[in-house]
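The annotation transmembrane segment is assigned in Swiss-Prot to 77-97, 110-130, 154-174, 191-211, 221-241, 304-324, 343-363, 386-406, 422-442, 472-492, 509-529 on the grounds of sequence analysis.
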Amino acid sequence: MSVTGFTITDEKVHLYHSIEKEKTVRHIGDLCSSHSVKKIQVGICLLLVELCERFTFFEVVCNMIPFCTIKLGYHNCQAAILNLCFIGTSILTPVFVRWLTDVYLGRNKLVYICLFLHFLGTALLSVVAFPLEDFYLGTYHAVNNIPKTEQHRLFYVALLTICLGIGGVRAIVCPLGAFGLQEYGSQKTMSFFNWFYWLMNLNATIVFLGISYIQHSQAWALVLLIPFMSMLMAVITLHMIYYNLIYQSEKRCSLLTGVGVLVSALKTCHPQYCHLGRDVTSQLDHAKEKNGGCYSELHVEDTTFFLTLLPLFIFQLLYRMCIMQIPSGYYLQTMNSNLNLDGFLLPIAVMNAISSLPLLILAPFLEYFSTCLFPSKRVGSFLSTCIIAGNLFAALSVMIAGFFEIHRKHFPAVEQPLSGKVLTVSSMPCFYLILQYVLLGVAETLVNPALSVISYRFVPSNVRGTSMNFLTLFNGFGCFTGALLVKLVYLISDGNWFPNTLNKGNLESFFFFLASLTLLNVLGFCSVSQRYCNLNHFNAQNIRGSNLEETLLLHEKSLKFYGSIQEFSSSIDLWETAL
């Protein structure tokens, strides 16, 4: 063969490779374009589902105390406890639903059940909350004459079914999935959670403004809008299921496994089991199979990491009790203040919108402080400082609420219409209470992102989802602890510290007591905060060989949907991740 033949063949080979390379590049471009469109579609659907779910949830929370006290005749203490229990149950049900999804039921089947329960609850709530007075639908005259006993039963059933429905939506459709963060360090993780909570509060602000309009309008808007929002949420969720747009998280060490390890360790450390194992360096080692337990070394070491976060979670219980004063003590204080603004009756939900403003304003500043002023090695100290400062702001808010409660009772009484009844309230303008709402908003701005980053980064990546579940669990326990505290204070003080008529009691004493507990909580957290300064401490320890998965997960950059795996660039924007 001639040299010319070799040259032509070589040119053909180069031409062939060029064509194949062009096809590959075009194919990759099409995949990237398709994935970008899918990401935008997922983000829009998630925001709409979150908006509908938050609207129904906050609609119940914002109207619970006025409805229970004015319509159902509950005492202030009973209404506050019921509201706190509803919030706590709504926080805990996603953890329960995730467990059902992983163990017993399929994801799609559970989503269908939860959507039905959510719509059933909103429909029942609308029937119960329908105005008790006569009303007209066109020329048709109707009367809502549901007996009080049946009304109370339907009300509890509606609240329970809404909680179960919310659990399914939050756990499966809108989970706190910080997927794609394994490749980032502490500073980028802080940026993610800053903007994640910024988006959540923007969503909440829109919801509160919408609820404010409903509270200002007639009651029929409530009857029609809550079931409508539930139906809209169901339609969007069904669309996401049909087009495989729901993120599917990986199954890791579960909460039940962690609890089981603790129980097994306590059982096998009994003297009669001590002879079964010698290789014991900690209490949890008793739960290992080689030491007489029934759990693998992998599960035991994962649980050990959770125990290091336990003091952090416990010290957040009292902080949560302060934050939960917005839907309990602060609501009662606002209801008994003058809501009349030049003839315009200000809706109570406006105060919630005001408490959301600090995060919307301060998030960019936190972003600057965490990324520009503090090097990566000092991010842990910065996060601990944020948590301490947030707790101090919460204590200051509750203390100021106590002073304003004393001040409020010195104003002359006026009559004010609320929920169809005329109440005798203080003439102190409700704008005096803005400061305490703002301070609690600042506390949430500082604590929530910092606490989430520590919970996420302080453990290996293979158990971070379970760590976030533990954080959710303690947030729910904080609501129930707050309800228990309200009940104990009511019983011990004979109703004086949480009175049914605020002008005849001393609600300020309850606020001062809560502020004192929060300050003690700050001192306790300061004593353990140093252990959370190094967010990558587990990398320096002699961790099991199976934790080589930690390194592999740092390079795993994929979003997993039903039946599909989409690759995405490591330069993904944090705003897109939050969406």
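Backbone N, Cα and C define each Cβ position, glycine as well.
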Proximity verdict for the transmembrane segment (77-97) and the transmembrane segment (221-241), three or more C-beta pairs under 8 Å: no
Contact between the transmembrane segment (304-324) and the transmembrane segment (110-130) (at least 3 Cβ pairs under 8 Å, separation 6+): no
Other parts of the chain folded back onto the transmembrane segment (110-130), taken as Cβ under 8 Å at six or more residues beyond its ends: 56, 60, 63, 67, 71, 97, 100-101, 144, 146, 151, 154-155, 157-169, 172-173, 219, 222-224, 226-227, 229-231, 233-234, 237-238, 241, 246
Highest-contact recorded stretch vs the transmembrane segment (191-211), from 221-241, 343-363, 472-492, CB pairs under 8 Å: 343-363
Cβ-Cβ under 8 Å with the transmembrane segment (221-241): same-chain residues at least 6 beyond its ends: 42, 45, 48-49, 52-53, 55-56, 59, 63, 108, 111, 115, 118-119, 122-123, 125-126, 129-130, 165, 169, 173, 214, 562
